[in-house]
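The structure under discussion appears below in the form of structure tokens.
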């Protein structure tokens with residue numbers, strides 16, 4: 001079947017079977033390689049993306065359910081030249097060791113920060129409990145998410161000031 | 001005149017009835033015992049009480065997740081409004097720190113607190129009335145040696161006129177059968193022990209028996225299936241929908257471990273129960289299994305035959321699973337065009353047809369009570385919310401699909417599972433049910449798959 005996928009704000013025409021995992025389409029057809037293939041069973045979190053602003057596991061998401069939804073991958077959080085606040089925070093805090101889990105961690109963090117801009121440690125642990133890291137950089141990941149929260153707040157303040165001034 | 005006389009007679013009768021009601025129901029205050037919480041209790045009695053509290057699953061209702069153990073405050077939604085569980089730590093002001101043992105025993109047997117107020121039967125004193133004096137003594141010693149916590153539960157929010165506690169006298173007259181258990185001499189000692197635990201402190205029927213309009217258990221449908229915290233408590237009598245009939249061995253294994261290779265993992269409120277039962281000796285677990293299996297009775301020859309066939313295909317830790325075994329469970333109708341087929345293929349089959357052993361692999365749906373049950377609520381809950389992993393210990397885990405699938409897609413998937421893996425009639429109203437579950441209009445308690453850490457700590461409770 002041919003379906004239209006909206007990924008990071010852009011529409012793509014994709015020709016694939018309806019039960020193809022979304023992860024395969026993102027990586028193989030759209031060449032968006034941020035989301036990783038880890039376990040293929042929805043248990044490790046390396047393939048986490050956002051669907052309509054909520055964290056979802058792309059390795060167990062059938063392509064057909066993605067039609068008409070807004071899909072976000074790490075490529076949608078910023079670029080190498082102009083990283084977004086979550087990417088900036090993960091760089092600042094040097095949260096990646098091998099890095100394989102980090103794209104998934106960032107997407108779970110992005111979904112968390114969307115509805116909870118000032119998460120507590122418990123909130124972060126709870127939101128990221130399905131993202132596994134084998135290197136043990138959890139404390140740096142926690143620090144990065146707190147830092148991202150600060151960066152997003154700082155970014156939001158001038159805008160708010162402008163609005164009240166205008 | 002005749003009209004006025006009729007009114008006055010009615011009024012008089014009403015007043016007499018009300019006064020009579022109050023007299024029958026009136027319970028005196030038991031004087032406070034200011035030494036109760038400071039008294040010394042023998043350690044072995046406290047240890048026995050800990051086991052018994054685990055059987056009673058006291059902590060599940062008397063603790064709010066993330067808060068202090070036994071300090072109460074958990075909202076318990078009922079058809080009559082919301083009740084809040086009480087603080088049963090030995091705090092003298094807000095808990096039971098001034099309760100004598102006699103006051104504790106009266107609460108367990110009659111559902112009346114120390115001050116003489118009737119308690120609501122969400123507290124299952126209709127079961128606890130069976131608990132022996134010896135066991136109450138141990139439970140009392142256990143609770144009085146917990147850390148006292150100052151905590152007052154919010155006021156109950158009940159529909160009028162149920163705030164008026166003396167009304168419970170009527171409920172008790174109708175539904176409370178006081179007095180201990182009379183052993184059934186035609187049955188074994190093990191069976192009688194199991195009955196005592198399951199029907200008394202264990203209060204299995206509080207969830208597994210349907211309730212009538214008064215919120216009391218329907219004795220004509222004992223263990224016929226009920227609900228708890230947004231989950232279906234399956235029928236555990238002859239009308240069990242488990243594809244493989246339960247046996248004493250499988251029930252005992254399930255209660256001990258929280259999973260069984262032919263039945264899957266316990267989750268929802270049952271995960272708390274199996275988590276707690278870890279404290280019990282094997283002999284008690286086996287006794288409960290013996291009793292429950294006898295209530296279920298001998299399965300019909302057809303059920304037995306089907307169960308044996310499924311066991312041949314899926315037993316032995318998944319080692320027997322072959323393509324032929326999987327094909328055997330395909331419905332005769334061609335389901336490849338079913339809108340749920342592609343969702344099942346990508347989202348479910350990788351784990352649920354992998355043949356990986358329980359509890360970490362997905363259960364083949366041919367074995368699933370959830371797919372074969374008359375009410376789809378449990379499988380809706382698991383698809384939407386998954387099985388969150390337990391903290392700091394290996395546990396079953398399943399991703400939540402609530403963010404991935406919309407209401408219609410969940411309904412399509414469940415329709416497919418029902419058509420392919422059961423011979424039961426299709427469920428109706430699935431999309432609506434999924435929408436209500438998603439919105440919280442139908443509230444569901446979602447716990448980590450281990451449900452509860454071993455008593456006396458509950459999930460997330462501070463030590």
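Cβ from N, Cα, C; glycine included.
TrEMBL does not curate its annotations; it predicts them automatically.
Among the features that TrEMBL reports, transmembrane segment is placed at B:7-26.
Feature annotation from TrEMBL assigns domain 'Cytochrome c' to B:44-147 (among others). Across the domain 'Cytochrome c' (B:44-147), the model assigns an average pLDDT of 94.
Its own atom aside, the Cβ of residue B:58 (heme c 1 binding site) has 25 Cβ atoms within 10 angstroms in the protein chains shown. DSSP gives residue B:58 (heme c 1 binding site) a helix state. Feature annotation from TrEMBL assigns heme c 1 binding site to B:58, B:61, B:62.
Using DSSP to sort the residues of the domain 'Cytochrome c' (B:189-296) gives these counts of helix, strand and coil: 54 helix, 12 strand, 42 coil. As annotated by TrEMBL, domain 'Cytochrome c' applies to B:189-296 (among others).
Residues or ranges marked as heme c 2 binding site in TrEMBL: B:204, B:207, B:208. Sequence-distant neighbours of residue B:208 (heme c 2 binding site) (same chain, 6+ apart, CB under 8 A from its CB) are B:223, B:224, B:225, B:226, B:233, B:234, B:235, B:236.
Annotation source TrEMBL lists domain 'Cytochrome c' at B:335-421 (among others).
Reduced to three states, the DSSP call for residue B:348 (heme c 3 binding site) is helix. Counted within 10 Å of its Cβ, the other Cβ atoms near residue B:348 (heme c 3 binding site) come to 22, all protein chains included. Under the heading heme c 3 binding site, TrEMBL lists B:348, B:351, B:352.
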Could you give the Cα-Cα distance between residue B:207 (heme c 2 binding site) and residue B:62 (heme c 1 binding site), in whole Å?
16
Filter the binding-site residues B:61, B:62, B:207, B:351, B:352 down to the ones with a Cβ under 8 Å from chain A's Cβ atoms, keeping sequence order.
B:351
Would you list, in sequence order, the residues of this chain other than B:58, B:61, B:62 that have their CB within 8 A of the centroid of the site's CB atoms, where the site is the one recorded for heme c 1?
B:56, B:57, B:59, B:60, B:63, B:70, B:72, B:74, B:85, B:88
Validating a neighbour-count step here. Other CB atoms within 10 A of the CB of residue B:61 (heme c 1 binding site): how many?
25
Among the binding-site residues listed here, B:204, B:207, B:351, which has the most company in the form of other Cβ atoms within 10 Å of its Cβ?
B:207
When you tally the Cβ atoms that lie within 10 Å of each candidate's Cβ, which of the binding-site residues (B:62, B:352) has the highest tally?
B:62
